Structures are given as structure tokens and as C-alpha cells.
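Structure first, then comments.
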Amino acid sequence: MVGKCPEWMHYCYSGKAWSTATLSIGGSAMFVVVVTVLVMFILFLKNLHKLLHMRQHYKIFATTFVCAALRIPWWVMNMVTYKDNSPPAIAIQMLNRICMLALYLSQSFYVQTWLRVIIALRQYKGERALKIFFMLMDSVVSILLVIELIYRAFDTQGRNDNGKYSPLYNVGIDVIAGGCLLTCFVYVIVGTILFYKLKHYYTCCSTTIIGFISVSILLSSASLLRFVSLTYHILSGEHMNDNQYAIQCYLIPDIIPSFTITIVQVTIYRSERKKRVRLNADSEDITPYLQ
């Protein structure tokens, strides 16, 4: 039975049909990511003087860590929404926005490392222009979500009498959905360009090519799945089952990118260690740059 929310918690949900298994898996998976990313971050700091060329990793680690670390209390808060002292929905929504923004930035930073490889292979001199473009794109998405967060923090009305959220809340959802679709397109476009470049250095059956294709498919699919979930009611005119929505919009799109990017970082770190052990300072191998 759903308990009545205290008067000061105007945003308390009346109930949510998310299964205990979904909530438990989500929280546990994010805990594993947090521990792994934290360990890798410490290892990178210990070898900072040897890994200066991999500074982009620190941005990836930081944003992935923020996403996973905040997802843990988010899943926990969703587990207690049936209690009398349920967390206010505004707190859950704000944590959700911050997590999505951090994951978006993490994937954006990761894609930029692909561009570095393309630039290196094509000897393209427009790296500065690409950095500015991505900086502007990330800033626009971040600013829009921050504005929406601030508005939500001071929005005392919450849902209207029909149970619908305020217009700006829906704008925030649209921004997130647009960011997911944009991320998916970037993965496909940049990934395709890089794939054709790598074919000149590796065979199609090589571990590098297969790994790169697998990572590209996983990340683009996760972004596309979240986009479809967020826009499902617009595209179909119907609302998705609550538990199905939790799995398709949060569980899978959070776990796949977080784990995939973390595993890639672990692989790159091990590759760098082996490279230093072999003392191949003049090696032209580009595999370590697939960050």
C-alpha cells in the first residue's frame, strides 16, 4: 500500500511500478562502475608523468564517475518511493538530469578521441576548429539542462491538475532526447570514417577492428534506445510500461556506455603499460589512441 506523503514533500510520487530487480541491478551495476573508475583514476594519477598524452582520459573518468556515483542514490531513492517518507520527485529528477548530462559529456569526450585519430591519420590541421565545435556543442547542451534544473528547483507547482509536468520540464526531456540522437549520429558518422581509415592499418578480422565495431554499435545503440524511450509517447501516442521504461530508458542506456567506456579505458591503460615495458617509444601503432 502506498503511504501518504508529508505535506512538505509536494513532489512525492503516488507510486511507481519499477520492479525490485530492476532497481537492484541498476544500483549494483553503477556501484561496480564507480569502484572501477575510481581505481583506474588513481592508477592514472600515479603514472601522470608518463601519461601526459592521455589527458583526455581524466575528463572521461571524471564525467563517467559523476554519472555512476549519482546514479546509485538515484536508484536507491526510487526504491523507497513507496514509503511514507519518500524522497521528493524534484530531487530524483535533478539527480537524473545531472547523471544524463555527465554521461552525455563522457561520451562526447570519448568521441573526441576518435577524432584525434582521424586528424592524425589524415594530417588534418583543423583540430582547433573541431575542439571549439565540440566545446560549443557541449556548452549549449549543458547550459540548457542547467537552466532547466534551476527552474525545476524553484518550481513549486510540480505537476498540474492533469498530472502533466510544466512546459519547461518537457523542454528538458527534449534536450536530453536531442542529445541522445545527436550522440548516436556522431558515433555512426565518426565511427564510419575512422573504420575506413583503420582498414589501411588492420585487417577486418583483427582484434582492433572487431573491438572498435563492437564499441561503436554498443554506444550508438544505447543512445538510440534512450532517445526512442524518451520520445515513445510522442511517436506512438501511448505511454510505455513503467518497468519497461525504467529498463530501456535508464538501466540499459546507463550500464552499457558506462561499462563499455570503462573497459576501453582499462584496455588502453594496460596497452600503455605493455608499450612502456617494451620500450617502443618510436612505435607508430595507433591502437592506444582509440580512446
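Each Cβ is built from the backbone N, Cα and C atoms, and glycine gets one as well.
In TrEMBL, annotation is done automatically, which means it is predicted and not curated.
Residues or ranges marked as transmembrane segment by TrEMBL: 23-45 (among others). Tertiary neighbourhood of the transmembrane segment (23-45): same-chain residues 51, 54, 57-58, 61-62, 64-65, 68-69, 71-72, 75-76, 78-79, 246, 250-251, 254-255, 258-259, 262, 265-266, 269, selected by CB-CB distance under 8 Å and a gap of 6+ residues from either end.
What TrEMBL records for 57-77 (among others) is transmembrane segment.
As annotated by TrEMBL, transmembrane segment applies to 89-111 (among others).
The transmembrane segment annotation in TrEMBL covers 132-151 (among others).
The transmembrane segment annotation in TrEMBL covers 171-194 (among others). Sequence-distant contacts of the transmembrane segment (171-194) (same chain, six or more residues past either end, CB-CB distance under 8 Å): 97, 100, 104, 107-108, 111, 114-115, 117-118, 137, 141, 144-145, 148-149, 152, 212, 216, 219-220, 223-224, 226-227, 230-231, 253.
The transmembrane segment feature in TrEMBL is assigned to 201-225 (among others).
Feature annotation from TrEMBL assigns transmembrane segment to 245-269 (among others). Long-range neighbours of the transmembrane segment (245-269) within the same chain, counting only residues 6 or more positions beyond its ends whose Cβ lies under 8 Å from a Cβ of the stretch, are 18, 22-23, 25-26, 29-30, 32-33, 36-37, 40, 43-44, 54, 57, 60-61, 64, 67-68, 71, 96, 99, 103, 106-107, 110, 180, 211, 215, 218-219, 221-223, 225-226, 228-230, 232, 288, 290-291.
Long-range contacts of the transmembrane segment (201-225) within its own chain (CB-CB distance under 8 A, at least 6 residues past either end) are made by residues 107, 110, 180-181, 183-184, 187-188, 191, 194-195, 248-249, 252-253, 256-257, 260-261, 264, 267, 286-287, 290.
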